[in-house]
Structures are given as C-alpha cells and as structure tokens.
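Right, one structure below, let's go through it.
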Amino acid sequence: MSTLITLKNVAVNFGDRRVLNNISLHLQRGNILTLLGPNGAGKSTLVRVVLGLIEPSSGTIEQTDGLKIGYVPQKLHLDPTLPLTVKRFMMLKPGVKSGDILPALERVNAAHLLQQPMQKLSGGESQRVLLARALLNQPQLLVLDEPTQGVDVNGQLALYDLINQIRTELHCAVLMVSHDLHLVMAKTDEVLCLNQHICCSGTPEVVSTHPEFIAMFGHHGAEQLAIYRHQHDHHQHNHHHDLKGKIILENNRECHS
C-alpha cells in the first residue's frame, strides 16, 4: 500500500495561538481516514495543511510527486443573484473539458442536475455536484470536509456509500472530516481523534474504547460507534443505499422496513 502524504510532527500557530501541535499521520492509497473532534479542534486547519493551503509553523510534509487531489469543501457559498447552472459551475474548474462533465455527474447519480441552477439544489444534490467536480481529475487523494453537512440522514447514508464505492474504484486515499459517528464508522479504516493534538487513533474498534475518545464523545458515543460497526459488518452486508437513502438488497429489491 503506497503512502501519498506523510505529516511528521506538524504544528500550526496563528499568531500566539497554537492551533495544531505535533501532528503525525500517513495517507495511504485505498484507505479512508476519518478525522473526529469537537468544534475548534483544528480539523479544518489540518485539512488545509494537507491541501497545501497553510504552511506548517514547524514539522515536515512529504508527498508523492504530481499528487492529484480532489477536494469537497464543507459548504459552497454562491451569490444567489448570479445565474449559474451545474454545467457552468463544473466548467469553472481549470482544465475541464465539456465532455468530462456528464460522465462525472453520472458517476454520482446526478446527471439529471446538469442544467439546474446551483442555487436551487438541495443539500444532498449540492454535495453530489461538489463530489463530481472533485472527481474530474481522477484524484489519488479525495479530501472531504464535513461532506454531509446540511444533508438529511437518508442522504447521508447514500453519500457515505458512494464515497466508499469511489474509494474502491479509484483505489484512492480518502481524508474525511465528520461528526457522524454511527454513520461514517462502518466505512472508515482508521479514525483520528483531534483536539489540537492527536488524542487517539486506530481502527474504529480500538478508538471506541480509548479513554480520550470516551472523554470527548461520552460513553453513549463510544457504544454507538462500536455497536454500529459490529452490526454493519455482520448483519448489513447484503444491501446498499440508493441516493434517497432507501435500502436496496443485493437482489435489487427495496427494503421497506
């Protein structure tokens, strides 16, 4: 398994305030790493360090030459008076060819949105368009900052399934910031709990029993994490979710529970 980015003892200061301290991690192809932590923990700052938007105050970053990164921001802020269709929005990405747009939207089951105004999209539709845009350059690393913010629970299930499928197809690394403990954990390979420093890291099973994780999210959060992961691995392997969140069994029948 090849390592795409390595952070070693990275720290970030904003003036006199230390936002990140002694961060070391590896992003590897085919792996999903999920960042968890309270508000103000430095999660978005760490994402910007990985994207190369913030220079660390100390420590080192090593990355593969020519690394292609796709980024899905937490939220897109558009001028409501600016007429902008999904197609025109996708064309704003440098180097994009018109013929690349529809296949990317089809990949995330959003081709029907091609001529829709960006401002009229629902939360789930907007996130799928942002994901399609991030896939235009066939990224080796996909970075998602709270990808399901503003999306209902059913839409969240569908988005996480989709991200997992993309990881498998592209064999890309995925770095994801999330608060959705019980939803995201069924798909992630590694969890990193952040609160300016790395409190704990490892598989969901390991992290869910760690004292610092329990201190951060409480016993209920830890139980939720461990139980969901166990149930999903052992009892929910015979289905996936469509983009409306409906459960689809492997024989393509809908489950109407």
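Even glycines carry a Cβ here, placed using N, Cα and C.
Sequence annotations record features per position, and here Swiss-Prot assigns ATP binding site to GLY37, PRO38, ASN39, GLY40, ALA41, GLY42, LYS43, SER44. Summarising the annotation, Swiss-Prot assigns domain 'ABC transporter' to 5-220 and lists sequence analysis as the type of evidence.
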I want to check the contact list for SER44 (ATP binding site): same chain, sequence separation of six or more, C-beta distance under 8 angstroms. What comes out?
GLN74, ASP145, VAL177
Per-region confidence, the domain 'ABC transporter' (5-220) (mean pLDDT, whole number)
90
I want to check the contact list for PRO38 (ATP binding site): same chain, sequence separation of six or more, C-beta distance under 8 angstroms. What comes out?
ASN195, MET216
Around the recorded ATP site, report the further residues of that chain (criterion: Cβ within 8 Å of the mean position of the Cβ atoms of GLY37, PRO38, ASN39, GLY40, ALA41, GLY42, LYS43, SER44; site residues excluded), sequence-ordered.
LEU194, ASN195
